[in-house]
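**Q** What TrEMBL records for 12-190 is domain 'Formyl transferase N-terminal'. Per TrEMBL, N(1)-(5-phospho-beta-D-ribosyl)glycinamide binding site is recorded for 21, 22, 23. What TrEMBL records for 113 is active site, proton donor. Residues or ranges marked as site 'Raises pKa of active site His' by TrEMBL: 154.
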Ligand code: GRF
């Protein structure tokens, strides 16, 4: 009998995150059984970030960024290459991505933002600042935006949006909970769709 070994290429993802990492946890769980996507590296600029505990608990390698090297040096390109990283996912990462990385990863870096861009985005618009701004503007809906990353904050081409209602009784905390639920529900599968489309895997 002749066996033919068909090798499926693995696409290696790096998740960039600086917070508690609830999205990262969902993404890891979602791709645990994937035959073509591996979460190969968790990258953070904060050595104390909770997301690093999630990485360790799942035996995923971590990389802590130093500002000087990220912005003025090689932007860690050699390290990303060493881990065979194909695709970058930003899940609560607050630093701007250097132009160098955007050029070497064309349409291969995506971000999730906790509001309906183009409103309530840009520098300083993160975490509860976003939700406070939405509530102060008396909006009756908010949501999430998943988009490609370019050289400007929260600016690249939109991939997906989902909405939730904002009630007069909502506080930044209750709105943050609704937004997190939307993120957890949609982000992993949208990442999968974008990777499938990029590498013509459908
Ligand atoms: C999310 O709300 C995401 O939209 C924003 O940062 C937050 C990260 O949350 N970019 P977590 O650390 O994944 O819980």
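Placed from the backbone N, Cα and C atoms, the Cβ positions cover glycine too.
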**Q** Residues near the N(1)-(5-phospho-beta-D-ribosyl)glycinamide site, 21, 22, 23 excluded, by Cβ within 8 Å of the Cβ center?
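**A** Sorted by sequence, the hits are 17, 19, 20, 24, 25, 26, 27, 51, 54, 91, 92.
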**Q** Could you check which of the recorded positions 22, 23, 154 have their CB within less than 6 A of ligand 1?
**A** 22, 23
**Q** For the C-alpha pair, I'd like the distance in angstrom between residue 23 (N(1)-(5-phospho-beta-D-ribosyl)glycinamide binding site) and residue 154 (site 'Raises pKa of active site His'), rounded off.
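**A** Residue 154 (site 'Raises pKa of active site His') has its Cα 18 Å from the Cα of residue 23 (N(1)-(5-phospho-beta-D-ribosyl)glycinamide binding site).
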**Q** Is any of the recorded positions 21, 22, 113 within 10 Å of residue 154 (site 'Raises pKa of active site His') (Cα-Cα), and if so, which, in sequence order?
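**A** Matched recorded positions: 113, sequence order.
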**Q** Tally every other Cβ atom lying within 10 Å of the Cβ atom of residue 21 (N(1)-(5-phospho-beta-D-ribosyl)glycinamide binding site).
**A** 23
**Q** In the structure shown, which of the binding-site residues 22, 23 has the fewest other Cβ atoms within 10 Å?
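**A** Output over binding-site residues 22, 23: least Cβ neighbours within 10 Å is 22.
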